[in-house]
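These come from Swiss-Prot:
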ACT_SITE  69  active site, proton acceptor
BINDING   8, 9, 10, 11, 12, 13, 70, 154, 155, 156, 157, 177, 182, 183  substrate binding site
BINDING   40, 69  Mg(2+) binding site
């Protein structure tokens, strides 16, 4: 099996990707298990940050790398919190603090102006100097609610209402969410690219 470094320390992401990518002969290992620190995210877009993270992991390990950069873009806020989704209310902010700040920011915004979408970019680099990385983007439209609902998921899921499902992302089962989410879409594109290429 070809070892691939995943540019994250998130055990959940590693487990999810490891099971799916093993069918392609890829053995996914978290960068933290290989002693690699997180890359500095200096890009201005999800794509730039995902490439920075993948390139850093590949360079430090000499292995192919996969990186994910994702976040929430709210239309009325010009795409914010965007690449700052995880640190919207400060550098070491919790999910709850970020969620509360967003609800406070949108408190006077009418219901018909609360559209948002989650974005996920997955990047695969064959090596650190790979001039043609595989870049896959998934996007998931929804509406920001006025209060949290549901206990599943993480981040902004409890206030991200999915009209097609009639509930928030936090109220979906893991399987339901994976089938339609931004990360699920990006992962499907990556698997298709690896299968075909």
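Every residue gets a Cβ built from N, Cα and C, even glycine.
Features per Swiss-Prot, on structure.
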| residue | record | DSSP (3 states) |
| --- | --- | --- |
| 8 | substrate binding site | coil |
| 40 | Mg(2+) binding site | coil |
| 69 | active site, proton acceptor | strand |
| 155 | substrate binding site | coil |
| 182 | substrate binding site | helix |
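A gap of 10 Å separates the Cα atoms of residue 8 (substrate binding site) and residue 69 (active site, proton acceptor). Rounded to a whole value, the Cα-Cα separation of residue 70 (substrate binding site) and residue 40 (Mg(2+) binding site) is 15 Å. With the fewest other C-beta atoms within 10 Å around its C-beta, 40 stands out among the recorded positions 40, 69. For residue 40 (Mg(2+) binding site), the nearest of the binding-site residues 10, 155, 157, 182 in terms of C-alpha separation is 10. Of the binding-site residues 8, 10, 70, 70 has the largest number of other Cβ atoms within 10 Å of its own Cβ. Within 10 Å of the C-beta of residue 182 (substrate binding site) we count 24 further C-beta atoms, all protein chains included.
Looking at residue 157 (substrate binding site) and residue 69 (active site, proton acceptor), their Cα atoms lie 16 Å from each other.
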